[in-house]
Amino acid sequence: MASETTEARAPFQPDGAYGWRCPEHSERPAELFCRRCGRCVCALCPVLGAHRGHPVGLAEEEAVRVQKLIQDCLECLATKKRQHADNIAHLEDAGERLKVYADSSKAWLTQKFTELRLLLDEEEVLAKKFIDKSTQLTLQVYREQAETCGKQIEVMDDFSTRVWGIGQEPNPVQLLQAYIATKTEMGQQMSPSELSHPVPLSFEPVKNFFKEFVEAIGNTLQTPMDTRLKENINCQLSNSSSTKPGALLKTSPSPERALFLKYARTPTLDPDTMHARLRLSPDGLTVRCSLLGRLGPRPAPRFDALRQVLGRDGFAAGRHYWEVDVQEAGVGWWVGAAYPSLRRRGASAAARLGCNRESWCVKRYDLEYWAFHDGQRSRLRPRRDPHRLGVFLDYEAGILAFYDVAGGMSHLHTFHAAFQEPLYPALRLWEGPISIPRLP
């Protein structure tokens, strides 16, 4: 049986070879093909042999038909292979688009939570101002009432002295005359006076309002996020489209600049940290490049190889916002913040802004924009070339965010870190000047 199978499957050989001979009638050539048995046979087999009555055809014609089937199979396999390759490409592209979309959604959330914190801070200030105003008005009423009582005491003391003098009069006639003159007033003074009981001023309505507000938020946040999103009709509508995973996260307008201006600062630059080939304006707000270095001793904090400069004052707590004008800075600029421990000597990564753990920055060079920290970089794709950057620092929250002010406060990048030292505004120049505008 194995021999027959081998013979049946063996390719056709030239005349005289074993593969051309009928396995049943070995003296005859196997010039036909039995379709039912799948074997090459001779002309006698379908008439007198074991393949009698079976459908047969010429072996050469069957070989042509099989070759066409093989070609069709190969073409089908190639098509399916291309389809699977296309599927892989589509999946990889969808994965990359999902990563970009996830990053933009997280940036959007960072922006929204920053706005929320700013709004809550503003609400806290308003609530405290309400308490202060109510307290001052009530204290003013208390003071006026106390002054009235004091004046009445003075009147009573004066009247007591007069009555006591009448009682000491030795002449009965004069005593009675004096008594008659003061009898009416004495009767008035002898009537019981009213007692003043200040009504306590209650701030419970304010406290209860914000207590219920916090409890409502807390109760909402106790529900798992996926449940909250399913229950939200807006999220359900957003989720109706299945073309993009994570479609629940929507891009919204940029935050209002006024929210940040409440924390506005105008940091001046420190000439002692400035590279020798940089020049600082008299107000300390504009720095530009110079062909010549400065003469005289080199201060220890000065950058000796990189055209960098730090702010004069650092921020070790709270929220701060400043802006940087880079419209004339040319093809390259670096804007960020740094610890005072940033290395000042040499041009190694330990001294370059954004290339170490001591500094963070947004960089532009030759139409490309990047965010740098500790040697790690993220590509930025602003909608337009930023001419003025807004820098927002929330020290306790560990947020350092950059915005395109002229582009409607569109978000550029946010760094998250547990800050360990004061942060100083930091700049690095390539060719043109960089300025820090005065903010209201």
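Glycine residues also receive a Cβ, built from the backbone N, Cα and C atoms like all the rest.
Looking at the zinc finger (17-59) alone, the prediction's average pLDDT is 80. According to Swiss-Prot, the feature zinc finger maps to 17-59, an assignment based on sequence analysis.
Its Cβ taken as reference, His51 (Zn(2+) binding site) is surrounded by 22 other Cβ atoms within 10 Å in the chains shown. The secondary structure of His51 (Zn(2+) binding site), as reduced to three states from DSSP, is coil rather than helix or strand. Annotation comment: Swiss-Prot describes Cys22, His25, Cys45, His51 as Zn(2+) binding site.
Positions annotated as domain 'B30.2/SPRY' by Swiss-Prot: 247-440.
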Same-chain residues at least 6 apart in sequence whose Cβ lies under 8 Å from Cys22 (Zn(2+) binding site): Arg28, Pro29, Ala30, Cys40, Val41, Cys42, Leu44, Cys45
Listed in sequence order, residues with CB under 8 A of His25 (Zn(2+) binding site) and six or more positions away: Cys42, Leu44, Cys45, Gly49
Zn(2+) site, defined by Cys22, His25, Cys45, His51: further same-chain residues with Cβ within 8 Å of the Cβ centre: Pro23, Glu24, Arg28, Ala30, Leu32, Val41, Cys42, Ala43, Leu44, Pro46, Gly49, Ala50
